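The structure under discussion appears below in the form of structure tokens.
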Amino acid sequence: MAAKDVKFHSDARERMLRGVDVLANAVKVTLGPKGRNVVIDKSFGAPRITKDGVTVAKEIELEDKFENMGAQMVREVASKTNDAAGDGTTTATVLTQAIVKEGAKAVASGMNPMDLKRGIDKAVEAIVEELKKNARKVTKNDEIAQVGTISANGDQEIGRFLAQAMEKVGNEGVITVEEAKTAETELEVVEGMQFDRGYLSPYFITNQEKMRVELDEPYLLIHEKKLASLQPLLPVLEAVVQSGKPLLIIAEDVEGEALATLVVNKLRGGLKVAAVKAPGFGDRRKAMLQDIAILTGGTAISEDLGIKLENVTLEMLGRAKKVVIEKENTTIVDGAGSKDEIQGRVNQIKAQIEETTSDYDREKLQERLAKLAGGVAVIRVGGATEVEVKERKDRVDDAMHATRAAVEEGLLPGGGVALLRAAKALDNVTGENEDQKVGISIVRRAIEAPIRQIAENAGAEGSIIVGRVREKPDFGYGWNAQTGEYGDLYQMGVIDPVKVVRAALQDAASVAGLLITTEAMVADRPKKETAPAMPAGAGMDF
């Protein structure tokens, strides 16, 4: 086992603090509407320019192992806030730095770190309650657009697109962000359920011009296994022919005799039919077929249920208003499933999202949720160069999460003002001893850090701004860094989602508390590079 370096007490905290400062100083220049850009060198390709705090944080790796530990802990704050709220990463970093700095001073002067942490936790709890109490609910489309615009650093086009997307697909719908092939940014909305499987044979096409299959008011046969022979299918095909409606078959695969017969029937005009492969793989495929069955009011035919294909009746088939099948995807519009059953399935998927620990699983579950609940909106981000597109895409991602968070928990005045105002909640919080009281006052000072940093990035003096804002007791009154004016921030459209501010403060306090209570640090010793031995026969004697 390699030898380790161990640092104790103030030496450990000092090294750690240096790492915290390096990372936080690089991230905090991006805060606010007049935040600066950070250029990141890439091992291949052009450098990346970004104003996204978490992107900067993820790129920083320090040579000194102990300093790096401090930096990585702050990076963890940025990542956690990003996961929870999708925005507010820079605010969280600024708050962490402020709490750790003050906390380290208090510990160095002989205070009990555990009591300091208890004081910090009490203060944070009180502030979070105050923030929730003063939240405004989001009702109008304009407000959603404003949140998006602010999070996208004042880009109104992004705010507008996000508001439109949320209006179309609802709060549960999925909004995906892609890079456009052109310089224009555009929005495309897919209503209904779409999955990434196309028609199994081009002979099924009904609309030659658009090269796609269009089925009006079809029946849907949802089958878990492969269909190869025709015999089991005959009873259901005959029933569908008599009803005069089209039929869509969704199965693991349709091949051989079954596929050939379906194609011949379609070409002769006896039966309007199409077949697609089932989406997903393994257990996920089963779940998705069940989703389609619930959405269309049908039954997923599987051997687990003991239903044989020969015994399937029309009542077991799903119904939809329309189905459109293209080469690579299928869209089911307006399924005939009952609202209650769909809602029950939605709640079930939400519970799974809460429980899962895997990011990949969570993403897939959210996709399923969206397909059931509303639809999918795709924002294609355009730009003149690849660097610009990537930078804009970062901002659209941030803005999208911020608008979601705003709809979920409501809005607060932005620009760091909400935290500053919430400090009055600390007047009623008392510590059990002197050290806890110091912990509370550390938070009181730290929550000024975001507004000071926003002012500094905009070229103003933080202390003067804080003083002027405090003069007026109105919760929404503050300073607009974009215009340099004072006034009602709600009216000016300078707003932050409660969830973002809350997550930033809670995550910052959590990690800062851990850093303050650290007494020892252990890291691998740097390996000494030994010179390679001289190869045999390379001596100097002839």
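For all residues, glycine too, the Cβ spot is worked out from N, Cα and C.
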(message) Please identify which of LYS51, LYS101, LYS105, LYS437 is recorded by Swiss-Prot as part of the ATP site containing THR30, LEU31, GLY32, PRO33, ASP87, GLY88, THR89, THR90, THR91, GLY415, ASP496.
(response) LYS51
(request) By Cβ count within 10 Å, point out the most packed of the binding-site residues listed: THR30, THR90. (result) THR90
(message) Using a 10 Å cut-off on Cβ-Cβ distances across all protein chains shown, tell me which of the binding-site residues (GLY32, GLY88) has the largest neighbour count.
(response) GLY88
(request) Sort THR90 (ATP binding site) into helix, strand or coil using the DSSP assignment. (result) helix
(message) Excluding near sequence neighbours, so keeping only residues 6 or more apart in the same chain, what lies with its CB under 8 A of GLY415 (ATP binding site)?
(response) GLY32, ILE451, ILE454, GLY478, TRP479, ASN480, ALA481, LEU489, VAL494, ASP496
(message) Please list, in sequence order, the residues in the chain of LYS51 (ATP binding site) that are at least six apart in sequence and whose C-beta is under 8 Å away from its C-beta.
(response) THR30, GLY35, ARG36, ASN37, VAL38, ASN153, GLU391, ASP394, ARG395
